[in-house]
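So that you can see what the record holds, here are the features copied from TrEMBL:
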type: ACT_SITE; residues: B:Glu163; note: active site, proton donor/acceptor
type: BINDING; residues: B:His12, B:Glu15, B:His103; note: Zn(2+) binding site
type: DOMAIN; residues: B:3-190; note: domain 'Succinylglutamate desuccinylase/Aspartoacylase catalytic'
type: DOMAIN; residues: B:206-286; note: domain 'AstE/AspA barrel-sandwich hybrid'
2 protein chains.
Amino acid sequence: MFNKIALVGGTHGNETSGIQLIRNWQAFGLPSRFSTLNVSLNIANEAALEANVRFVEEDLNRQFTFDGLASSNTSKEAVLAKTLNQKFGPKGNSATDFVIDIHNTTSAMDATLILLEADEFHTQLGRYVKQHMPEANILVEDEKPYLEHGYLCTTGKKGVMIEVGGQPQGVLREDVYLLTQTMAEVILDFCVAYNQGDISTDALPPCEAFRLGENISFPLSEKGQRTAMIHHSFQDSDFAPLLPGMPMFRTFDGKDINWEGDKETYPHFINEAAYHKLDVAFATAERFTL
Amino acid sequence: MFNKIALVGGTHGNETSGIQLIRNWQAFGLPSRFSTLNVSLNIANEAALEANVRFVEEDLNRQFTFDGLASSNTSKEAVLAKTLNQKFGPKGNSATDFVIDIHNTTSAMDATLILLEADEFHTQLGRYVKQHMPEANILVEDEKPYLEHGYLCTTGKKGVMIEVGGQPQGVLREDVYLLTQTMAEVILDFCVAYNQGDISTDALPPCEAFRLGENISFPLSEKGQRTAMIHHSFQDSDFAPLLPGMPMFRTFDGKDINWEGDKETYPHFINEAAYHKLDVAFATAERFTL
């Protein structure tokens with residue numbers, strides 16, 4: 001039963017579509033079909049919004065590990081995380097049943113629902129979203145237990161992320177905004193149906209989903225400078241199969257570097273701006289049936 | 001005669017395609033057909049590159065007015081502008097014949113050549129670029145005399161800008177990179193032909209060009225908050241005609257706002273991220289024959 005739901009935008013201050021959705025629902029109200037739900041509308045990092053940056057000192061969406069929340073770190077975001085953990089959590093013993101945290105990406109990921117578990121509940125949610133929004137991608141990051149993630153949404157008993165792209169940082173695109181709104185509404189529709197006892201795994205058709213593999217780095221020189229860029233044929237191909245032998249990078253001296261895995265992978269976060277400093281080129285995934 | 005040419009990237013520190021082109025030509029050399037040209041390869045704002053931001057304190061590409069260069073402003077970019085003016089200029093009495101400054105934009109402007117005059121020389125250059133790169137857009141910003149602009153490129157006797165998009169800030173897309181490289185090479189091809197006396201206005205076919213009109217702001221509330229976003233049908237339509245009655249904004253309460261000009265306009269810099277704080281939605285232009 002979802003007694004308390006928190007919808008969050010602005011965890012990253014330059015991701016405008018979630019911020020605008022929160023502001024619009026604050027101004028104009030939630031669609032009336034959600035009147036039975038107790039939904040709070042929240043902006044997470046006002047200082048980052050004001051500065052139009054992802055974060056002021058540290059990535060807020062990596063601060064919510066138990067160690068991070070217990071640390072004496074005094075960065076703006078580490079301090080903010082403790083405040084938000086009191087508001088939405090406390091993590092591990094949360095007063096909030098469900099935290100839905102809204103993000104956008106410069107990668108062409110379209111509307112992606114990020115789940116951190118693939119248990120019965122999340123299987124129901126993923127199938128429901130795919131059934132009602134067939135264009136959605138369902139991405140499962142369950143490489144470690146739910147509570148070991150540092151994401152803001154793990155302050156809730158359950159937590160998911162909406163991730164939509166491609167949208168440049170600081171820019172609001174109507175297409176991305178509408179996908180974000182649709183996915184948020186479908187998730188809330190699920191909550192209504194769940195509370196009414198209308199959800200059963202058997203009644204929902206199994207669906208395609210992706211399971212996070214690993215991050216792939218840009219090729220770097222000995223001095224740590226990139227020696228290649230994402231190949232033009234690979235750019236904007238998020239969640240399309242990358243087959244062994246297909247090009248993924250083009251070096252600055254004009255050579256192709258191909259995917260050398262022993263089978264296909266399903267890349268995403270291809271050329272995401274926020275991973276610039278980490279030199280992450282993309283993440284891999286396996287396709288499976290949820 | 002072009003005795004001294006300066007090619008500049010990194011005037012904005014998060015515009016990666018020009019930066020990468022400069023670095024690659026530094027590493028691998030200019031194409032050999034340009035061996036008769038004296039071309040220097042320059043990165044303008046290393047501190048902004050390091051921080052992966054457009055600028056550290058002020059927009060460098062607005063500092064090069066005579067007033068700005070004479071001011072006692074001590075911002076990082078105001079001080080840097082004085083140094084660069086000594087290196088490339090001094091403005092108004094320059095030792096550099098031609099400054100080519102390379103930018104990119106989040107708007108879908110493809111490869112755009114920005115000219116600051118439409119005299120015989122720039123008519124030749126614009127026509128030559130269009131002849132050799134038909135997909136290029138030629139944009140003329142001659143609403144004021146050349147030397148009154150605050151752009152870095154005005155430190156040269158002549159100066160132009162390359163502007164390519166759409167590319168998110170901090171991201172390098174191969175398609176944008178290749179358009180940038182092609183346009184830079186075509187401009188240098190022009191310089192070679194010009195020095196050889198091979199350029200004449202009569203021999204170059206007149207071409208389509210656009211003349212900058214004005215900036216159009218997002219609709220704002222009394223509190224200064226945006227009340228609308230770029231309409232989905234208008235997004236990514238840079239340099240396409242916007243006709244009277246066509247939608248340009250969608251308000252957050254779901255209404256369309258249409259272009260009410262008395263004739264069509266040719267918008268560009270639609271939804272450019274860097275104009276976020278200025279609330280500039282796009283710039284208008286008139287189409288004309290150069």
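Even glycines carry a Cβ here, placed using N, Cα and C.
Summarising model confidence by region, the domain 'AstE/AspA barrel-sandwich hybrid' (B:206-286) averages a pLDDT of 97.
Look at the Cβ of each of the recorded positions B:Glu15, B:Glu163 and count the other Cβ atoms within 10 Å; the largest number goes with B:Glu15. B:His103 (Zn(2+) binding site) and B:Glu163 (active site, proton donor/acceptor) have their C-alpha atoms 5 Å apart, to the nearest angstrom. In terms of DSSP helix, strand and coil, the domain 'AstE/AspA barrel-sandwich hybrid' (B:206-286) has 3 helix, 33 strand, 45 coil. Residues B:Gly10, B:Thr11, B:Asn14, B:Gly18, B:Arg54, B:Asn61, B:Ile102, B:Asn104, B:Thr105 surround the recorded Zn(2+) site, their Cβ atoms falling within 8 Å of the Cβ centroid of B:His12, B:Glu15, B:His103, which are themselves excluded. The two recorded residues B:Glu15 (Zn(2+) binding site) and the residue listed as 'active site, proton donor/acceptor' have their Cα atoms spaced 10 Å from each other. Its Cβ taken as reference, B:His103 (Zn(2+) binding site) is surrounded by 26 other Cβ atoms within 10 Å in the chains shown. Over all protein chains present, the Cβ of B:His12 (Zn(2+) binding site) has 27 other Cβ atoms lying within 10 Å. With respect to their backbone Cα atoms, B:His12 (Zn(2+) binding site) and the residue listed as 'active site, proton donor/acceptor' stand 12 Å from each other.
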